[in-house]
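The structure under discussion appears below in the form of structure tokens.
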Amino acid sequence: MTSGQDDSSVRVALRIRPQLAREKIEGCHICTYVMPGEPQVILGKDKSFTYDYMFDMDSQQDTIYAACTEKLIEGCFEGYNATVFAYGQTGSGKTYTMGTGFDVNIEEEELGIIPRAVHHLFKGIEQRRQAAQEQGCPVPEFKINAQFLELYNEEVLDLFESTRDTKQKSHIKIHEDATGGIYTVGVTTRNVSSEAEMMQCLKLGALSRTTASTQMNVQSSRSHAIFTIHLCQVRVCTDNRVSNGNSEMDEYETLTAKFHFVDLAGSERLKRTGATGDRAKEGISINCGLLALGNVISALGDRSKRSSHVPYRDSKLTRLLQDSLGGNSQTVMIACISPSDRDFMETLNTLKYANRARNIKNKVMVNQDKASQQISALRTEIARLQIELMEYKTGKRLTGEDGVESFSDMFHENSMLQTENSNLRVRVKAMQETIDAQRARLTQLISDQANQVLARAGGTEEIGNMIQGYIKEIEDFRAKLLESEAVNEHLRKNLTRASNRQSLYGGPALLAPEKETSDIIELAKKDLEKLKKREKKKKKSDHEEGEEEEDEEEEEMDVEDSSDDSDSESDEKENFQADLANITCEIAIKQKLIDELENSQRRLHTLKQQYEQKLMMLQCKIRDTQLERDRVLQNMNTVETGTDDKSRKIKAEYEKKLSVMNKELQKLQSAQKEHARLLKNQSQYEKQLKKLQMDVAEMKKTKVRLMKQMKEQQEKNRMNESRRNREIASLKKDQRKQEHQLKLLEAQKRQQELILRRKTEEVTALRRQARPTSGKVIRRVNVPESVQDSTHRPPSGRLYSSGNAAPNGTRRTVGIYSTRIARNKWQSLERRITDVIMQRMTISNMEADMNRLLKQREELTKRKEKVIRKRERLDREGPEAEKAALPLNEEVDALTANIDYINDSIADCQANIMQMEETKEEGDTVDISAVIGSCTLTEARFLLDHFMSMAINKGLQAAQRESQVKVMEGRLKQTEITSATQNQLLFHMLKEKAEFNPELDALLGNALQGNDSVCLEPSPFSRRKTYNKSQAAADRAKVKEIKQGIINPVPPTKSSRSATLQCVHVAEGHSKAVLCVDCTDDLLFTGSKDRTCKVWNLVTGQEIMSLAGHPNNVVSVRYSSSLVFTVSTSYIKVWDIRDSAKCIRILTSSGQVTVGDVCASNTSRTVTIPAGENQINQIALNPNGTVLYAAAGNSVRVWDLRRFASTGKLTGHLGPVMCLTVDQSGNNQDLVITGSKDHYIKLFDVTEGSLGSIGPTHNFEPPHYDGIESLVVQGDIFFSGSRDNGIKKWDLDRKDLLQQVPNAHRDWVCALGVVPGSPALLSGCRGGVLKLWHTDTLGTLGELKGHESPINGISTNSSHLFTASDWSSQPGLFLCNRSRTNVTPPPM
């Protein structure tokens, strides 16, 4: 393992999520194409982007983890930092990919990167522990801790802190250590020992994360989340151990690593998400952080900007990720995009963002502690020096007279000989095969010749075969004889070389190797003794000099004493290292001698055995040959006399061969005697071997003892080093203070010099004016003054007139030239600014056109689906409806053609946008900073003045345009109000006549249907309040006209007559939005933002009374037995409507009771809440009407209405209680169900007369993903609506979840209501949509766009449903007729 730096590029992976069902229904096309087998994606028609990894829409979670993250976890075990962060638009699948969003029923194959990484981490730890146990090594120690941070609105929050308050400022600080690493202070760090604990920490932090719903994503992350795992391991260095005889000492190293898992919040556009209020502020903060991250990526990835400043400190996000971008970390960026053409611009921006990140280079290094780094560096240096020393000893390296190192000629010759030897081996092998073939051929030829001779002589076939065998054996003997001769010649040469060595060393040749090695050892020892003596002399002289200096300088500082101590300690350390090096060198030399002696002994023993075997073999073969000869001669005697001559010839030939072989045998026997004489000195070699082994063992013991001393000394040095580091840090701090003071003084000096120079110039100018000069000289002096004055004026005119003359021709030329250059630079900058503005305007217009086309396609697709459903319904009716289906077929074909045309237009628009983006990128390559950087001071003033003038002019134009737009908006608003009033009057007039005229009734129904379709898409101006003077006057006049509220009927439309819900009346009378509603069969109670509560008579349709005097908005109202309870801020007002609407009591959130109306005197709106009080969000009455429950803060206050006294509180929630409802059990206990902002629903059993604090009896699981907004009970079940847009159905008996609808609405579910006597549930959302559900199956029964504003409350009586909202920009109430609600369960 090396601890050096390594350049590692940021790797980028691209993931394309599948299309959503909503996108498919709306007809969105796929605008991305992935090249098969290549990490390349094509956007639009021909724009391609290449990345490191590519994952298409069908990619799985395990594939992404294996490709991107698996190697990073393995690198953490080796001490490398790692980071994985996901980037993309909102709703592109970042949280799903990272795995920070937890669902109840998530499957294993859908687990994200973080759960898989945690499993891999602990599995790797267990594997390493088991491997160490199997190998008999010490088990490595692991320490793991985790941190979970959230960056919300540029505030770093701790997700592990359960008591955190988002309203208070965070105390978490970000710091940088000496090596450039980033760490945080004030963050909760949790030690983890198992995978389950880690997953529990991750789940706890993920549930505490800030999420909300937008139009683009139901559960959108509103903050950046950083989950960090710190891994510390202490393990054995298995490749380097210190040996002590047969035992081994283990060396340990400490490695640390940190792994960042970053889930960035999605980049978003407010016009796409429809965010307002807090959601808009969150989106702006998210985009600011991502903009800072993009600037950092541009500064690091752009080659032309790499030398410039990297703006890490512009955002806390980039500050936290400083290590991951350009620092010490292996980083992988996962860019998540949507394939739909509706998100084309967001996809393009994400791809460009990721493409820049690929150019970032990180400096990756192993995170070791200082001791491990120093030991590793020293070990590497020792290994290198040992190799170099061995090369010097073997003669491979040489040092010339000039000190230049080079390789010896022997080394080069040896390499050449080795190459030649390998070639000769190949040739020898080939020649051996050739010789074997030739020998076989020669044997065959000789045997054939002998057979021919024998055949002529009349011999038999057996004799021929025998002769052939003899000839073959003779050839084998001849080859072996030649081999023996070659071996004998080699031994003779060795004897000659040994005799020459004996004459060279002046002693017996047998002891020459021993003498040579002993001479080397003696020389090495002498050199070591000389070095030790020289080192001791040097120490002694240094010690004497140190004593003299101490006598002369006794009053030195403590810092110098500490430096002297460090010098002495370093000398001792060097002495230990020198002794250790000497012993190691001697061990290596003696070990080498031992190896050489053992090799020579083994070589001699092998040669002895070979010679003995060959001699025995030859003797046996000679004896066998003699016996065979005698047998052949005996056999030949029986043959005919004609063969005597032939046998004599054969006998003579064999005798000749035997004599030659006997001579060779004698030679080999003499060589054997010589070899035996050489082996007599083996005992001397063995004695020398034992002595060297004893020396080596002793030296190893000395080495171990020295290493122990070195460890002790190293520990002392570490303590001294830490002490000195603290002293150095304090000195550096003082030095920085002094440098800062010095810089301040230098700055003051420069400022004083500038002031002095300016004053000197002014004095010089005044002196020149005071001298008596002629008119010519006066004119010369006045010209530069005009020049000086012109530098302070806006340089719109020329500097010099034709009549003025400069005092110096050169100065005038420079002034004109610099001004001309400044004007040219300004013109180039102005042209560039204009080009950029035009490009951005063009791209913005194209994007607007594309959005318009997308909206048209969505409308046409919906219309096509409606027509297709109608056609299918006609087809099911039978063949009689074929004629009616023909126009529908033509309409479907026309709609399909229109959709195809719009798709082509969208593709062309996308291609034009891509072309403009490429042109923009080419234009951005022009470095404007070079133009600005080359400006002088005068030119900079010139450009600054022009920029100021341009900014003022553009700001004035923008203000004028904005005022014109406001005036036009006011006129449009007034026109819409007038038109709506006239249309309403017209419809009322025509309604009476339409009853007797069917044609007029049909026309009226079509007109009403058209108006309804138009109202479904309100003007964007209706969502924001822009008033002009005429509109404000009209509103005031209208308020004066409406003195008393009235319930007006709403004319029915043709399409609504068969609908499930039908709007029948609208109650108008409040001046602002209605926030709450309660009703009986005869009375209706409404609370509004206008600080009043109105009581209505449902029989007459008139307002009865108005309960005023509230400090702020009336947020909740309840009625029970002639008492009306209204809630405003922290007060509950109790009204007795029998006694002229008199306020008889005021109840506070803290439990106080006041008789009378103390708030009536305050006529202005009061926003602040008194100290010790809490905002009351909602109240509820028990079925008997004797107990009132008020949700205030994190608890619910219980009031006994018979005594108007507080009896206790319901506690247990961690967040504010937003809603509650009350039911009664069989034993007359109150069942209070509360929903809080902490996402949980709790159940309380309250018995009559209970006092004090009451805890919950059950906590309903699983919780919602966001705060609870509404609750309603129906029998043994109840329903809950949340800000996560979902509705859940719960069982009160079993206390578990029965059903849920995750995306019941596109916005918060603000209100719920049940229809008495019918299995129907009504829900209203913040978008103004009403939906009717079947309570058994939670299937949709109907849907209606009831309001343009949020639905704040729902109430029901026996015949009507009431919804509270701001209806048609006029505060009112929406009454639905329940008599038409025919509930049937939907098909399953």
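Every residue, even glycine, has its Cβ placed from backbone N, Cα and C.
Feature annotation from TrEMBL assigns ATP binding site to GLY88, GLN89, THR90, GLY91, SER92, GLY93, LYS94, THR95. Counting every protein chain shown, 24 other Cβ atoms lie within 10 Å of the Cβ of GLN89 (ATP binding site).
The feature coiled coil is assigned by TrEMBL to 368-395 (among others).
For 421-448 (among others), the entry in TrEMBL reads coiled coil. Non-local neighbours of the coiled coil (421-448) in the same chain are 464, 467-468, 471-472, 475, 479; each lies 6+ residues outside the stretch with a CB under 8 Å from one of its CB atoms.
What TrEMBL records for 843-877 (among others) is coiled coil.
TrEMBL lists 544-572 with the feature compositional bias 'Acidic residues'.
The compositional bias 'Polar residues' annotation in TrEMBL covers 799-811.
The domain 'Kinesin motor' annotation in TrEMBL covers 9-360.
According to TrEMBL, the region 'Disordered' annotation covers 533-574 (among others).
Under the heading region 'Disordered', TrEMBL lists 711-739 (among others).
Taken from TrEMBL, the feature region 'Disordered' covers 766-811 (among others).
Confidence for the repeat 'WD' (1067-1106), expressed as mean pLDDT, is 88. Feature annotation from TrEMBL assigns repeat 'WD' to 1067-1106 (among others).
When DSSP labels each residue, the repeat 'WD' (1107-1138) comes out as 0 helix, 18 strand, 14 coil, counted as helix, strand and coil in that order. TrEMBL lists 1107-1138 (among others) with the feature repeat 'WD'.
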Quiz item: Under an 8 Å Cβ to Cβ limit, what residues of the same chain, 6 or more beyond the ends of the repeat 'WD' (1067-1106), are close to it?
Solution: 1039, 1042, 1044-1048, 1112-1119, 1124, 1126-1128, 1135, 1137, 1141, 1165, 1349, 1352-1360, 1362-1367, 1370-1373, 1375
Quiz item: Out of these binding-site residues, GLY88, GLY91, GLY93, which one has the fewest other C-beta atoms within 10 Å of its own C-beta?
Solution: GLY93
Practice problem: Quick one: give me the count of other CB atoms within 10 A of the CB of THR90 (ATP binding site). | Solution: 25
Self-check item: Three-state composition of the repeat 'WD' (1067-1106), taking helix and strand from DSSP
Solution: 0 helix, 24 strand, 16 coil
Practice problem: Kindly report the helix/strand/coil residue split of the region 'Disordered' (711-739) according to DSSP, in that order. | Solution: 29 helix, 0 strand, 0 coil
Self-check item: Neighbour tally for LYS94 (ATP binding site), based on other Cβ positions within 10 Å of its Cβ
Solution: 28
